[in-house]
C-alpha cells in the first residue's frame, strides 16, 4: 500500500505508513453506508407499521377504534422515524457518491455539520423510542394505582403491530447511535494532536 | 508557550506550534470539570426531588396517596439520576486530580473507557427523561381516548415537584450529552490522520 505523506510545519516531508489507518477508514466508510441504508429502510418500516395501525372493536354494541394518534408518543415516534429515514436517504446518497469518487472527508465544516445532525438524530430517535416504549408498557400493563387500565387485552392486534414498529424504531435508534460515534470519529480525528495540514485551525 | 514535540516514525523530531491547540485543550478540560460537577449536583437534586415526592388526599373519606413508585418511569428516572451522579462524582475527582497533576489524556484505553461510559450515561439519562416526560404529560393532560384520567388536578403539589425533578434531570441529560461530545473529541483526536506517536495503533 502507498504510504501517506504529511508535511510538518517546518516543511520537512514526513512519510508515514498509513496502510492500517486507511483500512480503518475504509471499514468506517462501509459501516456508515450500511447503517445509513438500514436506518432508511427500518425508519420507513417503523413509521409505516405504527401509522397504519388501527383496530376496531365492538363493546356493548358501541364501536370503538384504536389508532396511533390516540397516543401522542406514537405520533412523535412516527415523525422521528420519518425524519430519520429522510435524513438517512440524503446521507446515504452522499456516502455512495463519495465512495464512488473515492474522496475522503477532510472538510471540517462538513464534518461538523454531519456530526451535529447525526447527534441530534440519535438523541431524537432514542427519546422517541423511550417515550413510545413507556406508553406501550402502560398500554400493556396499565397502572392500577392511577386507574389507568391496560388496553392491550382489548386491542391485541393493535398492540402487536405497535410492538413491531417499536422494535424497528429501536434498531433505527441503535444504528443512529452507532453512526453518531462514526461521525464523531470522522470529525475529531481532524483535530489530531500531531500537528499537520488538518489540525489546530479552530 | 512552549511548542510541543512530536516524533515522526522516521525518528525525525518535528516541532509544532501547539499553542492554539493547547488553549483548546485547557478549555475542554475546564468545561469537562464544570459539567461533571453540575451533573453530580443536579443528579442528586433531581433524584431527591422525585424520590421524596408524596401527596396524600382524602377522597370521599378514603385516603389516597400519590408516590413516585406509582409511575415506573419515575423510578427509572431516580435510578438514572443516581447512577449519573455517582459516576460524575468519580469522574469529577479524576478530572480535578489530572488538572492538578497537569497530565494530558494520551492513554487510548482510558479514553475509550471514558468515551463509552459517557455515551451510555448520555443515552440512558436522556431515555429516562423522555420516558418520565411522557408519563408526566399523561399525568397532566390524561388521554381521554384510552380513559386514562389526568391526575395532576388531584395531586397538584405532587406533580409540581415531579416537574422540578424533571427539569433538573433534563439539565443533567443535556450536560451528559455535551460531555459525551467532549470525550469523543478527547478520544478520536488521538486517531489524527497526521501520523505521530498517538495515531494508527488500532
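Placement of Cβ uses the backbone N, Cα and C atoms for every residue, glycine included.
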Please find, within the list B:34-52, B:53-71, the residue stretch that TrEMBL describes as transmembrane segment.
-> B:34-52
In TrEMBL, which of the ranges B:1-18, B:73-90 has the transmembrane segment annotation?
-> B:73-90
Could you break down the residues of the domain 'Casparian strip membrane protein' (B:26-173) into DSSP helix, strand and coil, giving a count for each?
-> 114 helix, 14 strand, 20 coil
